[in-house]
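Engineer: As annotated in TrEMBL:
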type	residues	note
BINDING	59-63, 127-133, 158, 261, 316, 366, 432	(6S)-NADPHX binding site
BINDING	60, 123, 161	K(+) binding site
BINDING	402, 403, 404, 405, 406, 431	AMP binding site
DOMAIN	10-216	domain 'YjeF N-terminal'
DOMAIN	226-490	domain 'YjeF C-terminal'
Ligand SMILES: NC(=O)C1=CN([C@@H]2O[C@H](COP(=O)(O)OP(=O)(O)OC[C@H]3O[C@@H](n4cnc5c(N)ncnc54)[C@H](O)[C@@H]3O)[C@@H](O)[C@H]2O)[C@H](O)CC1
Ligand SMILES: [K+]
């Protein structure tokens, strides 16, 4: 899995890679620029006017100059805007790339940029080298780049200029507001924080040939989960597999008026492959389930948890369950649980129960539930993952902090950011679907860590598939119906 490094570690990573392959930093910069231009070529852009490229004095600016040269070679009309004065010291590779720029490309000071004359902007002003508070001139440059907002797309190279690579910003005013951020080697941590979504835009990871193993040698506990990581975590079944192998799961969910949550979780568990799904629901609501999900069975009284391989608790459940019932359920249950929604709200009201949750269980709060559970309203994702990580280590639990690039805090101390998903998943019931997917994988005998990684990835991938068909019209049921395609996309039968 790809380790997310700090901005400070990028130089060490690059140096190690250069030494191992015997390549120079200039060649690595050229690779970065090539990866950007290859992505660009795949987008079939048709711009009427020129592309403006803002370049800083550091290596981020050097990337921009190499990109300018390569785009121009490909027939694209580019103008370079320098964000440095004669007294600013250029990094050696940036200086080389400035000299390599073909004479035909106009090079002007950033102060002369007129937003009406361009179709697109490339922001190559500041990358991971940003340190401390922005200097006044840098703020003016960022404002100049943002004067293009509403006139066309802004493509930020590595990071939106002004965004530090590893911190959470509460005020995003002096940051470039990118439409796309094209980041090299690994997503910088700050690109994955919800509070930065408005400046990061769409995130694209560009491979510049540094293998995952080179990242692994450097310290850090944050990782980025991709398709290649989840494929080997799947269990394979064979001709003689029977429905017992696919697991018996219980979903304790629903109340009058909230049976939809139970239906979505049950359908998701079945579509993910569960052999047998039982719903524990109020008896008065049984017809809804038996008609909507005929494959599922229902029980109406507390059951013996030993009859199940995994149990989900919470979707649409309400908070009327007594602390005594919940406490005895936790202590008598030995299989891993998925706890969501009202299950989490019950824990927030009775935190003394947390220590009784079976080890390895998966808790799936969205940001609001997270704040309720941890007793403070968090605005910084950096604080959330720190608190979540400590919680998971202390209680040997796994936590999915849901949202774009859901952060998965594992019981072993790793924090893993998911790469799959789409903005169209922000719709009611999608969390219930995740509970169903997770409990299904647990029931199929996946370890809690494999279940949570596979589950969160498939959920996002099914969201992408449904989102590409339905866009903003997507509903949670569409996501359930896309689960089979998410298995096909990973070649898992
Ligand atoms: N493996 C990779 O990811 C590669 C990344 N590359 C690119 O290199 C940059 C990092 O380059 P570096 O020279 O270290 O720093 P920057 O260009 O980001 O910034 C230096 C620049 O910023 C100025 N500066 C610093 N702090 C401030 C401040 N507070 N206010 C104003 N200005 C500030 C400083 O004066 C310098 O001018 C990385 O992001 C990638 O884009 C390479 O291409 C190789 C592979
Ligand atoms: K940038």
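Cβ coordinates are placed from backbone N, Cα and C, and glycine is handled just like the others.
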Engineer: Excluding near sequence neighbours, so keeping only residues 6 or more apart in the same chain, what lies with its CB under 8 A of residue 403 (AMP binding site)?
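Structural biologist: Residues satisfying the criterion: 194, 366, 367.
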Engineer: Average pLDDT across the domain 'YjeF N-terminal' (10-216)?
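Structural biologist: Averaging the confidence scores along the domain 'YjeF N-terminal' (10-216) gives 96.
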Engineer: Using CB under 6 Å from any atom of ligand 1, narrow the binding-site residues 59, 60, 131, 431 to the ones that qualify.
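Structural biologist: So the answer is 59, 60, 131.
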Engineer: Radius 10 Å, atoms counted are CB only; among the binding-site residues 128, 404, which position scores highest?
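Structural biologist: The largest 10 Å Cβ neighbour count belongs to 128.
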Engineer: Cβ under 6 Å from an atom of ligand 2: which of these binding-site residues qualify? The list is 60, 123, 128, 161, 366, 404.
Structural biologist: 60, 123, 161
Engineer: Checking the contact step here: among the binding-site residues 402, 404, 405, 406, 431, which have a Cα within 10 Å of the Cα of residue 128 ((6S)-NADPHX binding site)?
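Structural biologist: So far as Cα distances go, none of the binding-site residues lies within 10 Å of residue 128 ((6S)-NADPHX binding site).
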Engineer: Could you state the CA-to-CA distance between residue 60 (K(+) binding site) and residue 406 (AMP binding site) to the nearest Å?
Structural biologist: 28
Engineer: Look up residue 123 (K(+) binding site) in the DSSP assignment and reduce it to helix, strand or coil.
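Structural biologist: Reduced to three states, the DSSP call for residue 123 (K(+) binding site) is strand.
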Engineer: Using only the residues recorded as binding AMP (402, 403, 404, 405, 406, 431), report the maximum Cα-Cα distance in Å, whole number please.
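Structural biologist: Value for the max Cα separation, rounded to a whole number: 14 Å.
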Engineer: If I take the Cα of residue 123 (K(+) binding site) as reference, which of the binding-site residues 62, 131, 158, 402, 431 has the closest Cα?
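Structural biologist: When the Cα distances are compared, 158 comes out closest.
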Engineer: Looking only at DSSP and grouping its letters into three states, which state does residue 131 ((6S)-NADPHX binding site) belong to?
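Structural biologist: The residue in question, residue 131 ((6S)-NADPHX binding site), is coil (DSSP, three-state).
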Engineer: For a quick check of packing: other C-beta atoms within 10 Å of the C-beta of residue 59 ((6S)-NADPHX binding site), how many?
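Structural biologist: Step by step: centre on the Cβ of residue 59 ((6S)-NADPHX binding site), count other Cβ atoms within 10 Å, giving 27.
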Engineer: Indicate the candidate from 131, 366, 402 with the smallest number of other Cβ atoms within 10 Å of its Cβ, considering only these binding-site residues.
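Structural biologist: Each of the binding-site residues 131, 366, 402 was scored; lowest Cβ tally within 10 Å is 131.
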Engineer: Pop the Cα-Cα gap between residue 62 ((6S)-NADPHX binding site) and residue 405 (AMP binding site) into the table, whole Å please.
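Structural biologist: Between the alpha carbons of residue 405 (AMP binding site) and residue 62 ((6S)-NADPHX binding site) there are 29 Å.
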Engineer: Rank the binding-site residues 60, 406 by the number of other Cβ atoms within 10 Å of each Cβ, and give the residue at the low end.
Structural biologist: 406
